[in-house]
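Taken verbatim from TrEMBL:
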COMPBIAS  250-263  compositional bias 'Basic and acidic residues'
REGION    238-270  region 'Disordered'
TRANSMEM  23-42  transmembrane segment
TRANSMEM  76-97  transmembrane segment
TRANSMEM  104-124  transmembrane segment
TRANSMEM  136-160  transmembrane segment
TRANSMEM  167-183  transmembrane segment
TRANSMEM  189-210  transmembrane segment
TRANSMEM  307-335  transmembrane segment
TRANSMEM  341-360  transmembrane segment
Amino acid sequence: MVLPELQQRMPLDGVATLLGRRIGALLVPVLVCILLVSWSALNLSPFLFREQMPAFFVVMDEDTHDTIKGKLGSSLLNALIVVAILTVMTFLIVLLYTYHCEKVLFALLLLSAASALSSMLWIWLDLFCTRFQIPYDFVTCTFLLWNVGVVGLISIFYYAHPVLTQAYLVVLSVLTGWTMTFLPEWTTWAILVFVALYDVVAVLSPRGPLKMLIQIADKRKQPIPGFVYSTHTANELEHAPRPSGDLTGEEARRSDDSSRTDSENSVTAERNSKLASASLLYSALNRSPFKLGLGDFIFYSVLSARAALYAFMPCMASTLAVCLGLVVTLASLILCTGRLPALPALPVSICLGVLLFFSYRCVATSLDYFAALSVLAI
């Protein structure tokens, strides 16, 4: 049996077109966030830390230790504390959402977004103007930040054009990711690894907080509470042209009535099976666009920015690793459609990025050293 209604709406390449657009719509903001955070860490952070300052957001300062063992112990302790805070906050969100305390949850999210769009954006703009020697006054900057903040809060929490909402979500990711680049080096790498492991447990374990949150939201048929970037674009292929080889419903019935040979019947059955499988995948993609939490944006950008602070090549390798890991995760999510509602987006990208960075640092740096010795010997 041919699916006539779907054939009229979807060409044979409709699934590939929709899938490519969805993946591209997710890769572009991730790359923009990575580039902006890396640029800010390289060009703006030196103006903030002209002198030796204590590390932000850490309990133990690894710079006070001279040995690798001391630095490793401090970084692991700091990472465990960060993961513990993330766990407590996630369970708090699940608890508030379970007992219908949406107003309290809304107030917490609103407060966090307002602080990012006011204080952190103020610091970023001040350093940007200092970097490029752009004069500004207090009144103008306050007026600008007020308008940007109010429009941003309305766009994120009330209603706005989807592109504007996505732009403000990227801005929040950039500001938060740039702030996390203030962390010491060893602590940053430890946090990235621990958060990736936490993401696996939180999403895939039966009592994981993120899995519980997704299940409750699906049961209530409500969006997931929190900052989530969605690639939803309605009616993407509504007006896509139909290839001449596709059959309409009437043509399919005529073909079935007039087909008398076994070969024609086999061709028709093969076409119908392909269209049926493609229709299921198309419907799944159209109903459920790809969604990525802002935490994934933040840790992707922190990974590349920390690599950029070391050298250009590891930054490029880490960025490619993030993109490759994200594509692999999305492909796995498509293959697991119907079995898993969500997959952790951090483990593959973070593992590839960390592996490539330390491979470059251990291998390429040594090769550069020996190359320099050979040049000096000549």
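Each residue, glycine too, has its Cβ placed from N, Cα and C.
Through the fold, the transmembrane segment (104-124) approaches residues 40, 44, 48, 93, 96-97, 141, 145, 148-149, 152-153, 156-157, 168, 171-172, 175-176, 178-179, 225-227 of its own chain, all at least 6 residues removed from its boundaries and within a Cβ separation under 8 Å. Comparing 23-42, 136-160, 307-335, 341-360 for CB pairs under 8 angstroms to the transmembrane segment (167-183), the maximum falls on 23-42. Under 8 Å from some Cβ of the transmembrane segment (341-360) lie the Cβ atoms of residues 189, 192-193, 195-197, 199-200, 202-204, 210-211, 214-215, 218, 292-293, 296, 299-300, 303-304, 307, 310-311, 313-314, 317-318, 320-322, 324-326, 328-329, 332-333, all in the same chain and six or more residues away from its ends.
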